[in-house]
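Enquirer: This structure is in structure tokens; I'll ask about it shortly.
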Amino acid sequence: MRRSMLFLPGNTPNIIVNGDALGADNVILDLEDAVAPDQKDAARILVRNAVKALGFESVELTVRINSLDTPYWQADLDEIVPLRPDLIMPAKVGGAEDVATLDAYMAEVEKKHGLPAGTVKLIPLIETARGLENAYAVASASPRVAAIFLGAEDLTADLRCPRTKEGAEIFYARSRMVSAARAAGIDVYDTPFTDVNDDEGIVKDARFARSLGFSGKAVISPRHVRAVNEAFSPTQKEIDYAREVLAAIRQAKEQGRGAISLYGKMIDRPIVARAEQTIAMAEAIAGGGREK
Ligand SMILES: CC(C)(COP(=O)(O)OP(=O)(O)OC[C@H]1O[C@@H](n2cnc3c(N)ncnc32)[C@H](O)[C@@H]1OP(=O)(O)O)[C@@H](O)C(=O)NCCC(=O)NCCSC(=O)C[C@@](O)(CC(=O)O)C(=O)O
Ligand SMILES: [Mg+2]
């Protein structure tokens, strides 16, 4: 269950210390763009010590590392992979060859620390025009890739277009990311909504992202966590309807039928699959469970 992913800037001890108590399903300790260049080493040491001291047991833990075109990414992996975060989020991934470079380096660090190859999973951040064009290649480049993630601030800068709340400029990118991830059989996460004071805007943006098929969404403020969790949780109405679909199709199967109608709407295999996903999500939320 990874509805919301809360960014915690890696060089802010006061923010990191409460990070796992703010209701997000996943926290992202950031060593990249939230950290100024002259703070990279300090942030890496702080994040390493924070993960060792705090453990972050009650949430899923992601660490965002600097991109391959910086001098920092190997030091980031050397310090962080041995701590076994659930996910490493490499910034500005451009293609399958970037995933191969990261995969090989991570396997070396894992071996050095007696960890099986592939222990720490990847969630590549796609936030450049080249990365977007290669989205499926990135998503399917290695079993280590657990999901992909859209970064619209960098992407729109690269596309040379304005970033707007309505998001028309990233409609193609969002759709491309969802289809690439689902074709690769993995999850996909939406870019954060960046106006911390717009309580209506976050609800609208999160609901729209879910309607496109995203698995969840990043947030840059604890004030956005509840809205994103709610947007990515099935409503009671959806749960009740899913239960009716499953009951109706069970009855139809006993009568040897595959397609039926419920309240006049056709019900067949894909609708049943969606109902099963709804129930599974509702049970995961009720259980408070998280894949570790
Ligand atoms: C935006 C702002 C400065 C506003 O601060 P403000 O202080 O004005 O906010 P307030 O609402 O007044 O804070 C109320 C209380 O919450 C506390 N509080 C604030 N933020 C908190 C937080 N994140 N976690 C826990 N606690 C928090 C705060 O300390 C205060 O606590 P207290 O004083 O005790 O009341 C702040 O939120 C912030 O820094 N956010 C994280 C920014 C970040 O990580 N950016 C990088 C990731 S995106 C990116 O890189 C783009 C991307 O890569 C896409 C992608 O990758 O996704 C791409 O290319 O698209
Ligand atoms: Mg970015």
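Using N, Cα and C of the backbone, Cβ positions are placed for all residues, glycine too.
A TrEMBL annotation is a machine prediction, not a hand-curated record.
Relevant sequence annotations retrieved from TrEMBL are reproduced here:
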- ARG64, GLU127: substrate binding site (BINDING)
- GLU127, ASP154: Mg(2+) binding site (BINDING)
- 3-222: domain 'HpcH/HpaI aldolase/citrate lyase' (DOMAIN)
Enquirer: Of GLU127, ASP154, the binding-site residues given in the record, which has the fewest other CB atoms within 10 A of its CB?
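Expert: Per-residue Cβ counts within 10 Å for the binding-site residues GLU127, ASP154 bottom out at ASP154.
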Enquirer: Rounded to an integer, what is the Cα-Cα distance in Å between ASP154 (Mg(2+) binding site) and ARG64 (substrate binding site)?
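Expert: The Cα atom of ASP154 (Mg(2+) binding site) is 15 Å away from the Cα atom of ARG64 (substrate binding site).
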Enquirer: Mind running the binding-site residues ARG64, GLU127, ASP154 against ligand 2 and keeping the ones whose CB falls under 6 Å of it?
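Expert: Result: GLU127, ASP154.
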Enquirer: Around ARG64 (substrate binding site), which residues of its chain at least 6 apart sit with Cβ under 8 Å of its Cβ?
Expert: PHE7, ILE28, LEU29, ASP30, LEU31, GLU32, ILE88, MET89, PRO90, ALA91, LEU125
Enquirer: In terms of DSSP three-state secondary structure, what is the assignment for GLU127 (substrate binding site)?
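Expert: In the DSSP reduction, GLU127 (substrate binding site) maps to coil.
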